[in-house]
């Protein structure tokens, strides 16, 4: 699964945090302030169309539980009170038939499950949620004899339906199985999980598509099942659907039947053994394009008919990366076909359902005439990510969700290898620094982080670990591991792992064992220190080659021994270092309490570069004079260091300064050379690294103008050099969008003028904005010259365009207006899915929070509408849980109190428990940081000529 859709692309905006403006009125009335009361200026009513009433299918109402076939019960007399399913019940095969009643927004179904029992029992239980059983379940012995059912009931605390037999059910042996048959009914509305319906417009006509999304615990919402990843079984799936629709599932079609004048039945081939979360089916009226893999497998992309041309790139990149992975993993893809389908309203970024991968449109469809280079890269990356899962996740699945990283960390790592193969000039093996390694190091330096392998025991905890630690830290430590044992042995170890656990489940220790066989290195001993405890070390260098380690934390006052870790927050570190262009690796074992001395033969003025290209998941701190030398070398000849090393120096220095381990003077001195910097990686990371300072002082009328002036001067040479013509290589286009956006952010008059000029010409219909500049033009054009007429025109264009990537950019433009009345209307539009799709609600809130006029409004709106959001999305929705992180830029005691009061009022955090911890910790750190650092930072910027 690709989850990172609620965050805007790095190419779209500076990922800086913004400080909320709280005026005297807000101070006075605190949390109960209404949006219109808490605004900073009065505004006349506008003419923007008011949101229409939500359509009926957005209701979260369930079918009536008539007849009480399996009534609710609090009976806890059996093992069903446990969160985990018992080991003695093992499903073997499902026969699943679903009838899709599109116009009624519901479906009916019947599932027959073949079950093995390893011990005698009278009770069977399996998962169900928000789906009703319409007939007393039927159970048959291996002989075919029907077993009398004493009763069935739903135990909703653990989302089970329990079936109790009148007689003992003897343990099975050999191929003998019990046969459990359940008839059920479900609703197609209310959310973007389970089996749901959404709509789209084709030539002015509203059409529907119904599809599933099951990871991690939503298969139980579609049909009764044993909904745990290690309960693998085979499936025969049939769909009965209106005759004007077609059907898809994991496997190819076996046969199609016409039932009558209105209905068809599509039956699919029997599947391989797979986990419930990978089961997928869809009913659609799409068209398709196809490629064929080198091994002869059909690779098909399904899209709306009017979007067919935008699927060409996805089809091409699929073939290139698919062929690469079949070779790399030395294992042929396991199914007869691989389909992809773009869902018009889709909750996650994409989902790797075996044989039928589902996508948000922004992640599959690319129009070379209308999409930006960043959009193209996003499509390639997500396609590659989901292709990795066809091996890591589908063929071999983690045994339980505590090892989620075996799926997502691996997909996040290998996606870069796949795209690098297909698009060799994109620098993808370096871009992993920008996309994964450096961003997640900030997350993992909080006390509220969590280990890569983490205990989870509720659906909310399961969904919450689909986060940066599982994805990006997982990818980062694999990158370090591959470099240590060599790429060739790493590849061999992956092949051993896939072969040994094909169609099975595995744990982290199983992967380590496979790599040890391939490399003859102590992989488990080293890597367990990176997966079983949170955080990472800072390696301190003294005397040029003596190194010690300690846990790196942003909060300098935090107790580094907490929460307790059996490993004591020390790591076995593969220390890579370069000397005169030659690389070496020394494993620094945690048992060396006093540190180690690297075996280098340095000359008097030599420099030992520790962690070249930031290959290891740790930070490096040098002595003060070494930092001075690095700054001087950057200024005199920055090309002495690789672009990745320049990025690493800057990111480490600013993180160390934020943690009070380095003077800010040393970190800021590293930026003096930027007038000579021309490469994408360093500029992209500089913009991110300094964004914390920018956000903390954005409301400081004395200091912020000095910050703006300095960075305007630093970015001007590269901005002038690149200009506003959308030309050059893929990387050049990404660089141009980043530096021009940064120039606009820093108030550069020429850049803002160009953005406004392009925006105003677009408003008049005179000119099309270059595709790679559209986001920053929509954003800064709206910010600087946007009025109500401009805002309404932008909204109209959003509603007219069919390309999802263009819609996303226009949503950001709408969020950038300074008119707070329009922002208030925009927030209320989030309640109308006819205007703003359900998938985009949290994206829009986050976009508004990036607006200095909207950041407090977005937070206030969340508080005022929390009950509505919980009712619409459920408390276990990971995107709802994470939306509280828009408050990360807050830095006052009042704002902290408001957050604490809000969380106290709504103590049930669901999937947001960890994000709440993290945002509170961050805001407390911000408050302390300002007290400690304003003076020294002010002195540095004041001293600038």
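Including glycine, each Cβ sits where the backbone N, Cα and C put it.
Per Swiss-Prot, topological domain 'Cytoplasmic' is recorded for 1-18.
The transmembrane segment annotation in Swiss-Prot covers 19-39 and is backed by sequence analysis.
The feature topological domain 'Extracellular' is assigned by Swiss-Prot to 40-945. For the topological domain 'Extracellular' (40-945), the model gives a mean pLDDT of 96.
All chains included, 19 other C-beta atoms sit within 10 angstroms of the C-beta of residue 116 (N-linked glycosylation site). Annotation comment: Swiss-Prot describes 116 (among others) as N-linked glycosylation site.
Of all the Cβ atoms in the protein chains shown, 18 others lie within 10 Å of the Cβ of residue 189 (N-linked glycosylation site). Annotated N-linked glycosylation site per Swiss-Prot: 189 (among others), in sequence order.
Annotation comment: Swiss-Prot describes 213 as site 'Binds calcium which modulates its enzyme activity', evidence class similarity to another entry. Over all protein chains present, the Cβ of residue 213 (site 'Binds calcium which modulates its enzyme activity') has 25 other Cβ atoms lying within 10 Å.
The substrate binding site feature in Swiss-Prot is assigned to 215, 349, 350, 351, 352, 353, 878. Residue density at residue 878 (substrate binding site): 25 other Cβ atoms are found within 10 A of its Cβ, drawing on all protein chains shown.
In sequence order, 93, 94, 95, 96, 267, 268, 269, 270, 271 make up the list of same-chain residues 6 or more apart from residue 236 (N-linked glycosylation site) whose Cβ falls under 8 Å from its Cβ. Feature annotation from Swiss-Prot assigns N-linked glycosylation site to 236 (among others).
According to Swiss-Prot, the N-linked glycosylation site annotation covers 316 (among others), on the basis of sequence analysis. Taking Cβ-Cβ distances under 8 Å and a sequence separation of 6 or more, the neighbours of residue 316 (N-linked glycosylation site) in its chain are 291.
If you look up Swiss-Prot, you'll see 386 marked as active site, proton acceptor, on the strength of sequence analysis. Within the same chain, residues at least six positions away from residue 386 (active site, proton acceptor) with a Cβ under 8 Å of its Cβ are 2, 340, 350, 351, 352, 357, 359, 411.
Long-range Cβ proximity for residue 546 (N-linked glycosylation site), meaning a same-chain Cβ under 8 A and a gap of 6 or more residues, is found for 595, 596, 597, 598. The N-linked glycosylation site feature in Swiss-Prot is assigned to 546 (among others).
Taken from Swiss-Prot, the feature N-linked glycosylation site applies to 584 (among others), supported by sequence analysis. Around residue 584 (N-linked glycosylation site), the C-beta neighbours below 8 angstroms that are at least 6 residues distant in the chain are 576, 577, 578, 598, 599, 600.
The C-beta environment of residue 601 (N-linked glycosylation site), restricted to residues of the same chain at least 6 apart in sequence and closer than 8 Å, consists of 579. Residue 601 (N-linked glycosylation site) falls within neither a helix nor a strand when secondary structure is assigned with DSSP, and so counts as coil. Sequence annotations record features per position, and here Swiss-Prot assigns N-linked glycosylation site to 601 (among others) based on sequence analysis.
Shown in sequence order, 633 are the residues of the chain, 6+ apart in sequence, with a C-beta less than 8 angstroms from the C-beta of residue 640 (N-linked glycosylation site). Swiss-Prot lists 640 (among others) with the feature N-linked glycosylation site.
What Swiss-Prot lists as N-linked glycosylation site is 669 (among others), and the listing cites sequence analysis. Taking all protein chains in view, 19 other C-beta atoms sit within 10 angstroms of the C-beta of residue 669 (N-linked glycosylation site). DSSP assigns residue 669 (N-linked glycosylation site) to a helix in the three-state reduction.
Close to residue 754 (N-linked glycosylation site) in the fold, though at least 6 residues off in sequence, lie 724, each with a CB less than 8 Å from its CB. Marked as N-linked glycosylation site by Swiss-Prot: 754 (among others).
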By CA-CA distance, flag whichever of 116, 189, 766, 792 among the glycosylation sites is nearest to residue 878 (substrate binding site).
189
Looking only at 215, 349, 350, 351, 352, 353, 878, the residues listed as binding substrate, what is the longest Cα to Cα distance in Å?
19
Pairwise CA distance, residue 669 (N-linked glycosylation site) versus residue 349 (substrate binding site), rounded so that it is a whole Å:
39
Going by DSSP, give the three-state secondary structure for residue 350 (substrate binding site).
strand
Count of other CB atoms lying within 10 Å of the CB belonging to residue 352 (substrate binding site):
26
Using C-alpha atoms only, work out the spacing between residue 349 (substrate binding site) and residue 766 (N-linked glycosylation site) and round it to an integer in Å.
35
Taking the Cβ of residue 792 (N-linked glycosylation site) as centre, how many other Cβ atoms lie within 10 Å?
16
How many Å separate the Cα atoms of residue 213 (site 'Binds calcium which modulates its enzyme activity') and residue 353 (substrate binding site)?
9
Long-range same-chain neighbours of residue 353 (substrate binding site), Cβ under 8 Å, sequence gap at least 6?
212, 214, 250, 278, 279, 280
Restricting to the same chain and to sequence separations of six or more, state which residues have a Cβ under 8 Å from that of residue 766 (N-linked glycosylation site).
none
